[in-house]
């Protein structure tokens, strides 16, 4: 052993081969400050070992290296930009020092090699991957770019265009694809990885492979003519501008860095990377996207903990109500491996549910993501039934019948009489109080809400709603089942609208007030989509949700919060609903939903909608983009703050992820609380105070004012003030 640290070691094997092993004390290998310090020591030990003839880099984990420890490096990100660039240089210098070892080097990639893990392999002369490995540079998903030499080495290995694609998409590549592009040199079965890597390394040691020639291009400028560089850069920039847009700066900064460093040697190119990395790390988008990554880890961590605490395992499920929603729930459960009974009262409904599941699966097969055998296996996990007897042995029931408290209560009471006493009963409801529904069951401790979002197979969020009598064991089991289904569960306490709908409808109220004052709904949509970043503006979103559904939810929210969310007179949503303009579901809402010449769906502003709304709205008035954004977002942010203060949702991280996963809040803004803190609490309060005459939804809470006064952050403070 020539070096032994807590995470890294270097051992001299036979024939002068040094095994440089990453084997951290935790579950995965990642780059943190302690690992960097050991990395420097390993390089020194190898350089001082006179018997060393070559180096193989290995992992003692099932993964290779998952990347950098972003939680630790966030402290460095708080530095000024020039200091951050210096920090990035120190980190990338460590990789350079390894690459400069005057011995052949090879990486034996046994599993995931992402971010810094991928960059570790790029610093080697050769790369051999197991068939189970994956490799990529996903930093763009955090609003960042590679910072350990990825922008320098990858384009010199696989070419400008391929490297631009790798980095701007953040995609992880399977070994075969990486091999075809030249990112790795061989692919072998996992059991042969070590032997294959050592065999290739010996060829390099013996001079049968020219490792110096293999390394040299990574130290020089790219082999591109001026014309080739112009063509490649123009194409890449055009594609990125179209896909990423103005709100996500990382892809364009990466491409500009590649362009700037194309004619530079490693030293110059590294300096360009250090500068670009520091620039991106200081952007609001990076702060937001890193925050989302960490929030997602919070949710996953809670789900993992729930899985360990759950005393009731869910091995068989049932869904009551086989409509589109029931079919989607059945598909998701079956697809992720939990057999499910799909029960309804008539064959037509069962056919609809099966058609929904089959349609989702067929698309998977058509896109090459699933074969026919897998599709058949998933369908075999779904058992349609007209009888309650079929569900008597299930571990969990998801009731998904019509959104009517009387109907739901009746169905819940019926099925509770059939299932086992320790079976869990849940209701997929978007608005009906769980405590109200619990009055229909005899074992309320085994009952909670399980709010899926449509379409179930695409929307990640599930709200697990705790009633006043719901047991911790029930919550843990349902969270574990949702996670098993591949969903991101967030536990919320029962209240009107739960969490997502409760904070969404004040946003819709802001929209309705603007329209009544003369704003054009298409202008509002344009501002909220193009400038704020929502995937759909409020009018379009209402059409997609369903104008009838939105009108119903507005009534629920009005009953629950009669002062703050009282029904708006001549609400545009109610006006359209009264005239049977239900949105996308019947082809007419704020927009007319038609098909273009190629048969693709499209929307056009509906003249009839303008006519109907004009009967109650003020004359047309133009509002500035700033005012539209303020009047739309203040009510939502205020309601999220109230939910945190009341303990409806536990943490700011979960509050933000609920909006990202549930309604498509722009990820580059990081969620409502991240948006609030990016604006600055004092600035938000000053903005909201301008609109207090518009109603209580624009009034900030005393708790928010106290947070601003004390300079606290919602991400580091217990905010349950109510």
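From the backbone N, Cα and C atoms, a Cβ is placed for every residue, glycine too.
The annotation region 'Enoyl-CoA hydratase/isomerase' is assigned in Swiss-Prot to 1-189.
Per Swiss-Prot, site 'Important for catalytic activity' is recorded for 119 (among others), and the stated evidence type is sequence analysis. Residue environment of residue 119 (site 'Important for catalytic activity') contains 28 other Cβ atoms, counted within 10 Å of its Cβ in all protein chains.
Residues or ranges marked as site 'Important for catalytic activity' in Swiss-Prot (evidence: sequence analysis): 139 (among others). DSSP classifies residue 139 (site 'Important for catalytic activity') as helix under the three-state reduction. Every protein chain shown contributes to the tally, and the Cβ of residue 139 (site 'Important for catalytic activity') ends up with 30 other Cβ atoms within 10 Å.
In the three-state DSSP classification, residue 501 (substrate binding site) falls within a helix. All protein chains considered, the CB of residue 501 (substrate binding site) has 21 other CB atoms within 10 Å. What Swiss-Prot lists as substrate binding site is 296, 501, 661.
Per Swiss-Prot, the feature region '3-hydroxyacyl-CoA dehydrogenase' maps to 311-722; the stated evidence is sequence analysis.
Per Swiss-Prot, the feature NAD(+) binding site maps to 325, 344, 401, 402, 403, 408, 430, 454; the stated evidence is sequence analysis. According to DSSP, residue 430 (NAD(+) binding site) is assigned to coil rather than to any helix or strand. Its Cβ taken as reference, residue 430 (NAD(+) binding site) is surrounded by 21 other Cβ atoms within 10 Å in the chains shown.
The active site, for 3-hydroxyacyl-CoA dehydrogenase activity annotation in Swiss-Prot covers 451. Counting only same-chain residues at least 6 apart in sequence, those with a Cβ under 8 Å from the Cβ of residue 451 (active site, for 3-hydroxyacyl-CoA dehydrogenase activity) are 428, 429, 430, 462, 463, 464, 465, 498, 500.
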C-alpha spacing of residue 139 (site 'Important for catalytic activity') relative to residue 325 (NAD(+) binding site), in angstrom: 35
Candidate recorded positions 119, 139, 296, 501, 661, pick with smallest Cα gap to residue 401 (NAD(+) binding site): 501
Say we define neighbours as other CB atoms within 10 Å of the CB. Which of the binding-site residues 325, 401, 402 has the fewest? 402
Could you say which of the binding-site residues 296, 344, 403 has its Cβ with the most other Cβ atoms inside 10 Å? 344
Long-range Cβ list for residue 454 (NAD(+) binding site), cut-off under 8 Å, min separation 6+ in sequence, same chain only, gives 324, 325, 328
For substrate, with binding residues 296, 501, 661 per the record, max Cα distance (Å, no decimals) returned as 20
